[in-house]
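S.K.: Taken from TrEMBL, the feature domain 'CP-type G' applies to 95-251. Look at TrEMBL and you will find 103-249 tagged as domain 'EngC GTPase'. Annotated GTP binding site per TrEMBL: Ser142, Lys143, Gln144, Asp145, Gly194, Ser195, Ser196, Gly197, Val198, Gly199, Lys200, Ser201, Thr202, in sequence order. Residues or ranges marked as Zn(2+) binding site by TrEMBL: Cys274, Cys279, His281, Cys287.
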Amino acid sequence: MNLHSLGFGQFFMSQIEDYEQEIDKIARVLAVHKGVLEVHNGEISAQARLPESINMQPTVGDFVLLDGLLDSDSLAVKQVYERKSLLQRMAAGNRSQVQPIAANVDYALIVTSMNDEFNLSRLERYLLAIQESGATPVVVLSKQDLCDNPDDYIEQVERIARGVQIIPISAPKKLGLDKLLSLLSPGATLVAIGSSGVGKSTLVNYICGEDMQKTQAISFFDKGSHTTTSRQMLQAANGSLVIDTPGMREFQPIVQAETISEAFDDIESKMPHCRYRNCSHTVEDGCAILKAIEAGDIDDRRWKNYQKMQREQDRRNQAFKQNSKLRWKKVHLDMRQRKKMEDRS
Ligand SMILES: Nc1nc2c(ncn2[C@@H]2O[C@H](COP(=O)(O)OP(=O)(O)OP(=O)(O)O)[C@@H](O)[C@H]2O)c(=O)[nH]1
Ligand SMILES: [Zn+2]
């Protein structure tokens, strides 16, 4: 066991300035608690403090440089390495704050159950966030044992997620496990995301093996003292790394305009065919979108979701702009204040 068995590779090596100095002080973040990180270097785990002056806020899956060896008494994070991928969303409740979910993920499993919980618009939103993150999305359709028509669900997903692997599973019937396991390779990182109760933790236990706690090389912190409200990384018996996340009630992905355009190309490619250049696609005669919806070429649901994501993107841009304006205002005020003080002295 070493850092490489935790997914450390060339991408991170190339960021190391002084190999001899740094390599023994690098670790991966297993969990984040208030101001304290649980880290592991493939051999031992440790806790590290998070100074306020850090270059970026670490999250589960990050590789960090510490200020000492992992067996030191008191450790702090010195640096967070650039990420291979970063899954994030807008914080629920605070519409101008970005919340990282997991870093350096290879596969992001969107878990959704084949029952009333199933929601294509939400799935679309998860898919866009993953596309933006740099990870590969996989759709896991859970609770197949409770469903009479799994093929209906699979077809619906296929329509909105072209080229994305779809894996129907049942934990009690042990269906789909082989397909899931084929994604796992030593050092690969997976994250499971989705609403509460869809079976993420069940899936993670399923992947990691029932007797995970015993077989695992990574010794995990006492689960009893941390509630399942926090994200954490576990290691499966075959050496892949799996991140469990708490259910998300509200999911606003952070996506660039280009990502939206790419994902909704079926919609945007019709817009130039509207009769009027500035068509609002609401009431106009000769609107290609309205026509396509009417003809059933575009799903009304998908159109609404597209519009919602566009609106959210506009609002985010506004909020970010506002934030940076405020920051600059403060910088200028500080500067003026300092100048005054200097003038006086
Ligand atoms: N019948 C059936 N039940 C399942 C399956 N997977 C999970 N469950 C059950 O669904 C319930 C919720 O499963 P969890 O794994 O805790 O769901 P979760 O997504 O981790 O939920 P949160 O931790 O709240 O986000 C549990 O009672 C599981 O036993 C499945 O494939 N079939
Ligand atoms: Zn139009």
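Cβ coordinates are placed from backbone N, Cα and C, and glycine is handled just like the others.
Caution: TrEMBL annotation is automatic and unverified by curators.
Explain the structural surroundings of these features, please.
M.R.: Taking a C-beta cut-off of under 8 angstroms and a sequence separation of 6 or more, Ser196 (GTP binding site) has the following same-chain neighbours: Pro246, Gly247, Met248, Arg249.
Cys274 (Zn(2+) binding site) falls within neither a helix nor a strand when secondary structure is assigned with DSSP, and so counts as coil. Its Cβ taken as reference, Cys274 (Zn(2+) binding site) is surrounded by 19 other Cβ atoms within 10 Å in the chains shown.
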S.K.: Going along the chain, which residues six or more apart from Ser142 (GTP binding site) have their CB under 8 A from its CB?
M.R.: Val111, Thr112, Ser113, Met114, Ile169, Ser170, Ala171, Val198, Gly199, Thr202, Leu203
S.K.: Report, in whole Å, the straight Cα-to-Cα distance of His281 (Zn(2+) binding site) from Gly194 (GTP binding site).
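M.R.: The Cα atom of Gly194 (GTP binding site) is 32 Å away from the Cα atom of His281 (Zn(2+) binding site).
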S.K.: In whole Å, how far is Lys200 (GTP binding site) from His281 (Zn(2+) binding site) when you measure between their Cα atoms?
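M.R.: Spelling it out, the Cα of His281 (Zn(2+) binding site) and the Cα of Lys200 (GTP binding site) are 39 Å apart.
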S.K.: Using a Cβ-Cβ cut-off under 8 angstroms and a sequence gap of six or more, which residues of the chain neighbour Gln144 (GTP binding site)?
M.R.: Met114, Pro150, Pro168, Ile169, Ser170, Lys173, Leu175, Gly176
S.K.: Could you pull the average pLDDT for the domain 'CP-type G' (95-251)?
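M.R.: 85, rounded to a whole number.
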S.K.: When DSSP states are folded down to helix, strand and coil, where does Ser142 (GTP binding site) land?
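M.R.: It is in a strand.
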